[in-house]
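Single-structure report; data block below.
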Amino acid sequence: MIFTSTPPAPPPADAQQRQPRYPGEDTTPTSRREIWGWYTYGIAAEVFAVCGVGSFLPLTLEQLARERGTLLSSHLPCVGPGSPSAAPGNGTTPAMLRRDGLGSDQCVVGLFGLQINTASFAMYTFSLAVLVQALTLISFSALADYEKNRKTLLLTFGLIGSVSSMLFVFISPRLYILGAILVVIGVTCLGSSFVVLNSFLPVLVANDPSIQTARKTEGEELPHLDSSGEYTRSGSFNRGDNRGFDDYVAPEHGLKPKTTDSTSPEMQLSTKISSKGVGLGYCAAVLVQVLSILLLFTLSKTSLPKISGTLPLRFVLLLVGIWWFSFTVVTRRWLRNRPGPPLDTSKGGARWRIWLRLVGFAWKSLWKTVKVAAKLREVVIFLIAWFLLSDAMATVSGTAILFARTELKMSTTAVGLLSITATLSGMTGAFLWPVVSRRLKLKSNHTIMLCIALFEIIPLYGMLAYIPLVKKWGVIGLQQPWEIFPLGIVHGLVSGGLSSYCRSFFGVLIPPGSEAAFYALYAATDKGSSFIGPAVVGVLIDATGQVRSGFFFIAVLIVLPIPLIWMVNAEKGRQEGLAMAEMLEKSHGENSSEFGHPSEEAEGLLARNP
């Protein structure tokens, strides 16, 4: 069984071992094998994030609904022998190479008594998936910090998520609703597992032999990582630079500014491990994406597409699920349990009642953080901007894939190549923007504004096709399939910069000592907003019958954060954060928590979410 414990490898004979901070803590020095166990889960799940969520799941959902749908005007099947778009020659053109639905009529499917555009169906599904993911992340954030729940939840989410992807091979067009349910499950497990995975990194760093040696040399104790968000921040599974996070440290007792500009050994090691994990995950995703395209091309030469146009896509999702499952098993063997503090059962009651109290504690803690943040003007302005911007980023990705398939009539293999283009550009952007910022001597908020301005090019370019003269040309304004590839490069480059610099800029505004709690709020804002945009675009598609109409909403959504980011005064926000930290420190002993130290309040694992 996947959850059966594997005897851990013995630690090196000369390894330094620190004192445990609570009963049952595993302070065994971190081994290279354990770090690779951490890497392997990123290699496993990032494939589903890029190849599944970012590419083939939206296409599969839309195609499943399309094969079940009818044309709005004539009620004829959207695809198949009886459809107006049936290919000549008895429809022998391979489905993966065919541009389905060449007519302009809207393809709709019945759902709860309503006629919904098949592209809207995919957008609504992902909107619901992100909402469920956000609720799950917040609810499980406190529970995963205790006992062996961390590894158990990681393996559980990985197992359920990978199986949900593999089960798509059995989802025929007749069961398209069940396909939507599997998407919700898969997306929820993906985000939740990454949050739990990130919570391992501070523990691995804390027990690394090199850190113990450095601390012994300096004559210092290792800070309590649970009461400081610093290592949580550097350990986040982010996609870029974390500069600006380490201006202050929060020791176990009291707050103090750093007395040195040098980066701490923990920060250096954490950043090194995190960056390598991100790189390995992206490389795995690109590899599987290439394999998926080859698989699609090979299957297009067989009779499978004649059975169902979605069958090759479903085989790709089977491959993705097998990959996720296989590397999760490796993670289970190589990654130690690293249990957290034991649950307090002194008050009696069943364990499930304690778990319910932990869920309530997570929500209550998040609300307390909201009340503190509401008193910080610069934080409020930035979070409003981030609310809009993160929603725009999530909406553009899903809309672009569906636009390429339904409006540009691109084949599935071409859409896969588009995804690879955006992924490689995102990897480049993570390294490029720090260089651009240094060369142009830009402040962090100016870099963010520049990224947003470039991001705005995508919807504006798509809206050019509404100009009659441009429409008459038949090119420019995303009228030809090749035009979307340069925009895919722009999307990748900009996303890499925004994800890193927004997180870094927010770090300057946080009260020292409350980092993890505020990053929980940051992540909740991200996940809590990302379901709105896809739902609105889905409504617009239903109203107009065109995915292109969503560009109007996206253009407004992208441009709104620019004045807000410009309004944020980083220095003033930093001073407000310091003042708030002093105020919180004075009331430190008055706000003790039922499940942990006062300084741990509102942290949870959600703080480690990218």
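For all residues, glycine too, the Cβ spot is worked out from N, Cα and C.
Here's what Swiss-Prot has on this protein:
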COMPBIAS  229-239  compositional bias 'Polar residues'
CARBOHYD  N90  N-linked glycosylation site
CARBOHYD  N445  N-linked glycosylation site
CARBOHYD  N591  N-linked glycosylation site
REGION    1-29  region 'Disordered'
REGION    216-242  region 'Disordered'
REGION    586-610  region 'Disordered'
TRANSMEM  41-61  transmembrane segment
TRANSMEM  120-140  transmembrane segment
TRANSMEM  153-173  transmembrane segment
TRANSMEM  177-197  transmembrane segment
TRANSMEM  277-297  transmembrane segment
TRANSMEM  310-330  transmembrane segment
TRANSMEM  379-399  transmembrane segment
TRANSMEM  415-435  transmembrane segment
TRANSMEM  450-470  transmembrane segment
TRANSMEM  485-507  transmembrane segment
TRANSMEM  527-547  transmembrane segment
TRANSMEM  550-570  transmembrane segment
Cβ contacts the transmembrane segment (41-61)/the transmembrane segment (277-297), at least three under 8 Å, sequence gap 6 or more: yes
Contact set, same chain, for the transmembrane segment (177-197): CB under 8 Å, 6 or more residues outside the stretch: 38, 41-42, 45, 48-49, 52-53, 57, 60-61, 64, 111, 121, 125-126, 128-130, 132-133, 136-137, 140-141, 144, 150, 153-154, 157-158, 160-161, 164-165, 167-168, 171, 237, 523, 527, 605-606, 608-610
Best-contacting stretch, by C-beta pairs under 8 Å, relative to the transmembrane segment (120-140) and drawn from 153-173, 379-399, 527-547: 527-547
Proximity verdict for the transmembrane segment (277-297) and the transmembrane segment (415-435), three or more C-beta pairs under 8 Å: yes
Paired segments the transmembrane segment (485-507) and the transmembrane segment (450-470) in contact, 3+ CB pairs under 8 A: yes
Mapped DSSP class for N445 (N-linked glycosylation site), helix or strand or coil: helix
Spatial neighbours of the transmembrane segment (379-399) far in sequence, C-beta under 8 Å, 6+ residues away: 54, 58, 122-123, 126, 130, 373, 452, 455, 458-459, 491, 495, 498, 502, 505-506, 509-510, 518, 521-522, 525-526, 528-530, 532-534, 536-537, 547, 550-551, 553-554, 557-558, 560-561, 564-565, 567-568, 573, 576-577
Intrachain residues whose Cβ lies under 8 Å of the transmembrane segment (527-547), provided they are six or more past its termini: 72, 106, 116-117, 119-121, 123-124, 126-131, 133-134, 137, 191, 387-388, 390-395, 398-399, 402-403, 406-407, 553-554, 557, 609
